Amino acid sequence: LKFAAKDGAFHRRPSSFRDFISNKPGSKFLAEANRYHLYVSFACPWAHRTLITRVLKGLSSVISVSVVHWHMDDKGWRFINDEELKTIDPKTDVSLGTVDHLYNFKRIRELYFKAEPDYVGRFTVPVLWDKKLETIVNNESSEIIRMLNSEFNELATKEGAAIDIYPKELQTEIDDINSWIYDNINNGVYKSGFSTKQEVYDKEVKNVFTHLDKVEEILKKNHAADKPYLLGNTLTEADVRLFTTIIRFDPVYVQHFKCNIGMIRHDYPHIHQWVRELYWKVPGFKETTDFDHIKYHYTKSHIAINPHSITPAGPIPNILPL
């Protein structure tokens, strides 16, 4: 798999399908129960955002899910095969992945071609699929989580409908913090790990830790005032979006992406407290985090980085208790 350009840097391509589900009558993509299906990987931090939000918003019985296998080869994401299916209980064990529950496709790419036969682009997850019109609504995670947050409240559980991770009064602050966290931390670990020139890596890895320092200071100030989240007392999408990188940091990014200037558990006490409180205390975070799936994907799919596909044993445990 080729990740870096000739300049030695990693450049992420934009998502392709950008329609929006609405609860307004007459909408092409109307918010309806059991109409939409999420295709995800437990390994992918962008897909993980949508899984967390789906649980937070009480939409588990409204939007169904299929999970790709952790292994991604030169043809992209695949689903578990017939032989693998024989070794698991598909109703209870989804750690390895699932079948495609809608079409029994073997690969995610088949879904893209069903939506658009002449599609040219990357075959990414998450994919938000419309069962009714049989097409992709959206494959941009940041937009999917906002749909889940705002458009399904009439179908969500009472507890889920009461949660708003993008409240109007905080939207400017959320957009601002998302912007620099995405570019420098969420995507920053990839820009470090997929660098193919020393000088590019040196720049990118230092940048990741400069911005982790910035997050640490924000949380230090908030914790001093007994405010647990990035923007104070309100859990927002900024927390969701940062969590999916931080939960992978010590188990994967430290060694696999060479982000080893420091570790969250040893060098960032306030980020460490924040990530553990989300994981252990807030519904939606722990149950959507599968460390084996995550570690196997990165270490056994990125052959250019890890040619022998050896998955490191540590850290033990993957996340420390509170």
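Cβ atoms are placed via backbone N, Cα and C, with glycine included.
In TrEMBL this protein carries:
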{"type": "ACT_SITE", "residues": "Cys44", "note": "active site, nucleophile"}
{"type": "ACT_SITE", "residues": "Tyr190", "note": "active site, proton donor/acceptor"}
{"type": "BINDING", "residues": "Trp77, Arg122, Phe123, Thr124, Val125, Glu140, Ser141", "note": "glutathione binding site"}
{"type": "SITE", "residues": "Tyr253", "note": "site 'Lowers pKa of active site Cys'"}
{"type": "SITE", "residues": "Tyr298", "note": "site 'Lowers pKa of active site Cys'"}
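Arg122 (glutathione binding site) sits 14 Å from the residue listed as 'active site, nucleophile', taking the Cα positions as reference. Recorded residues Ser141 (glutathione binding site) and Tyr190 (active site, proton donor/acceptor) have their alpha carbons 17 Å apart, per Cα-Cα distance. The recorded positions shown are Cys44, Tyr190, Tyr253; of these, the one with its CA atom nearest the CA of Val125 (glutathione binding site) is Cys44. When the recorded positions Phe123, Tyr253, Tyr298 are compared by the number of other C-beta atoms lying within 10 angstroms of their own C-beta, Phe123 comes out lowest. For Tyr253 (site 'Lowers pKa of active site Cys'), the nearest of the recorded positions Cys44, Trp77, Phe123, Glu140 in terms of C-alpha separation is Cys44.
Checked against Glu140 (glutathione binding site) by C-alpha proximity, the recorded positions Cys44, Tyr190, Tyr298 yield Cys44 as the nearest. Just so you know, of the recorded positions Trp77, Tyr190, the Cβ with the fewest other Cβ atoms around it within 10 Å is the one at Tyr190. Comparing the Cα of the residue listed as 'active site, proton donor/acceptor' with the Cα of every entry in Trp77, Phe123, Thr124, Tyr298, these being the recorded positions, the smallest distance points to Tyr298. Around the Cβ of Cys44 (active site, nucleophile), the same chain contributes Val125, Pro126, His297, each under 8 angstroms and 6 or more positions distant in sequence. Of all residue pairs in Trp77, Arg122, Phe123, Thr124, Val125, Glu140, Ser141, the annotated binders of glutathione, the farthest apart have Cα atoms separated by 17 Å. In space, Trp77 is the closest of the binding-site residues Trp77, Phe123, Thr124 to Tyr298 (site 'Lowers pKa of active site Cys'), judged by Cα positions.
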